[in-house]
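The next block holds one structure in the form of structure tokens; read it before the comments.
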Amino acid sequence: MESAVDRHVFYISDGTAITAEVLGHAVMSQFPVAISSVTLPFVENISRARAVKEQIDAICQQTGIRPLVFYSIVIPEIRDIILQSEGFCQDIVQALVAPLQQELNLDPTPVAHRTHGLNPGNLIKYDARIAAIDYTLAHDDGISLRNLDQAQVILLGVSRCGKTPTSLYLAMQYGIRAANYPFIADDMDNLVLPASLKPLQHKMFGLTINPERLAAIREERRENSRYASLRQCRMEVTEVEALYRKNKIPCLNSTNYSVEEIATKIMDIMGLNRRMY
């Protein structure tokens, strides 16, 4: 049974709402509260702002509890309309800007879409991120072994241990060119590093996973198959972990970590530079 919703939460912005959503979610994660959230980006005109206000007010009337509103809005007229709503409104950016304004002795120059928008100042970084995503997609799951020397990290692991989502997160969030290579059941009789990968051992990072968790994930994909059996999963994990130890490849058990946590740990262990976009 799903837990009851304790509070309704709105993440609102005149831009992408990514900042409001990420910071608001980080704040809400500190409280043992079940939430139902709505993200409303590009609230850029009066009519849309009024519609959002009505949506907030309707929830308040239905539940008798003020919705929580995390907003990042540059346009004063839009911000004023949201503040007139029945929600508990928090400007998550201004809470940081005000003390910084004092410390820097500078007035802020707020511009909508500056954080995640495309502008002349970040075109080079944007192009680099797109190139990283293209590279990562082209080198997913061992599709291509060409130009592997251009990878910043090469993830290794058995099927369904988290290589693809982690690679894509590294590319999309940080502009990291991440290749990944799978070890499949047919490899297990004589598991060795492919000759094409050996010269790039310094770029390799291994992922592993608890066999029980791996079996559960595989069962959803191929029910009642040898591929998903606990015995097969145990054998594959054992062989791959032995390979990591033999070749001194750094590794991480992904079982209890989110994609974000896995990616961050990989970057830290491999000494990869963060690039924020």
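Even glycines carry a Cβ here, placed using N, Cα and C.
Note that the coordinates shown come from a computational prediction; the quantities given were computed from them, not determined experimentally.
Taken from Swiss-Prot, the feature ADP binding site applies to Gly157, Val158, Ser159, Arg160, Cys161, Gly162, Lys163, Thr164, supported by sequence analysis. The Cβ of Gly157 (ADP binding site) has 27 other Cβ atoms within 10 Å, all protein chains considered.
Reduced to three states, the DSSP call for Arg160 (ADP binding site) is coil. Cβ neighbour count for Ser159 (ADP binding site) (all protein chains, 10 Å cutoff from its Cβ): 18. In this view, Lys163 (ADP binding site) is surrounded by 27 other Cβ atoms within 10 Å of its Cβ, with every protein chain counted.
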